[in-house]
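S.K.: Sharing a structure, written as structure tokens. Questions coming.
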Amino acid sequence: MNEGERRFSWGRTVLVVAVFLATWGLLQWLGRALGGRADALNLVLFMVLYVAGAGILLPLVVGGRTGLRLNEPQRGWRPWVGALLAVIALAVGLLGSGALEVLSGKFPGWMIFLKYILLFLPMSLAVSLVFFWLVPQALIKKFGSGPWSTLAAVAAGGVVSFLGFWVDGLFGDPGTALTLGLLGLFFTAAVILTGSFWKIYPAFAVLMLANTLVEGKYHGESWWALAIGFTVALTALIIGVRVGRAGEGPTDCSKS
């Protein structure tokens, strides 16, 4: 990949992040502005435009066309350290929020739990793809896999995680955003060290699922809206993986 191609691929990554954050913020603002009116329609828009489109399909296609791979297993000590970092991030996130203690005392029921799965498995996938995979791997692709560029990639994953969850709260809760940004550092490093996005994503999905269950804000979401959103997100995942694979190059994604 020559310098012009690197600039172009990095530019596309920045564009994906901008679209992802803008869509996230706009739809959160719209939901707040409507004040509970048209909640089901807003949820469908959120899952179709933000989760499926900007968070799953777009990064998979752009990343694949840039030559990034979701699974490039590493050898030696790196996968073990990466897995340990993911476990630490998950444990800190669950214990720090009190999610385990709360859920062990008042589990909301399996039907409510299913609603959260339909909503937050796709959403956590979107967040993970953009923040923990696309951004850091694109940086490594551009600047190489040396120690300083790898550290910069980890830092970038944490920064965009902070920005994303700050946008999620419409800039009103920097404390939560900072916490998730710090956890994002661990998850980003875990993906880089293991070389496998799919091995680390479940840890973040469990964290997001447990913490949102504790908040209890989404018990009343519409079943039909969740079903449509989940189906579209799953379709976006299948299409994105196939299109992305078609554009993968033969080189390792951690090399320039």
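For all residues, glycine too, the Cβ spot is worked out from N, Cα and C.
Since we're looking at a predicted model, the values are computed, not measured.
From TrEMBL, for reference:
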TRANSMEM  12-31  transmembrane segment
TRANSMEM  43-68  transmembrane segment
TRANSMEM  80-100  transmembrane segment
TRANSMEM  112-135  transmembrane segment
TRANSMEM  147-167  transmembrane segment
TRANSMEM  179-201  transmembrane segment
TRANSMEM  222-241  transmembrane segment
S.K.: How about long-range neighbours of the transmembrane segment (147-167): same chain, 6 or more residues beyond its ends, C-beta under 8 Å?
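M.R.: Beyond its ends, the transmembrane segment (147-167) has Cβ neighbours at 17, 20-21, 24-25, 28, 127, 130-132, 135-137, 139-140, 173-174, 176-178, 180-185, 187-189, 192.
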S.K.: Mark yes when the transmembrane segment (12-31) and the transmembrane segment (43-68) have three or more Cβ pairs under 8 Å (sequence separation 6 or more) and no when they do not.
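M.R.: In this chain the transmembrane segment (43-68) contacts the transmembrane segment (12-31) - 3 or more Cβ pairs sit under 8 Å.
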S.K.: For the transmembrane segment (12-31), which recorded stretch in the set 80-100, 112-135, 179-201, 222-241 gives the largest number of Cβ pairs separated by under 8 Å?
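M.R.: The stretch I would name here is 112-135.
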S.K.: Do the transmembrane segment (222-241) and the transmembrane segment (112-135) come close, with at least three CB pairs under 8 A (pairs 6 or more apart in sequence)?
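M.R.: As far as Cβ distances go (cut-off 8 Å, pairs 6 or more apart), the transmembrane segment (222-241) and the transmembrane segment (112-135) touch.
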S.K.: Please report, as numbers and ranges, the same-chain residues at least 6 past the borders of the transmembrane segment (112-135) whose CB is under 8 Å from any CB of it.
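M.R.: Apart from its flanks, the transmembrane segment (112-135) reaches 13, 16-17, 20, 43, 47, 50-52, 54-56, 59-60, 62-63, 68, 70, 153, 156-157, 160-161, 164, 184, 187-188, 190-191, 197, 200-201, 204-205, 207-209, 212-213, 218-219, 221, 223, 226-227, 229-230, 233-234, 237.
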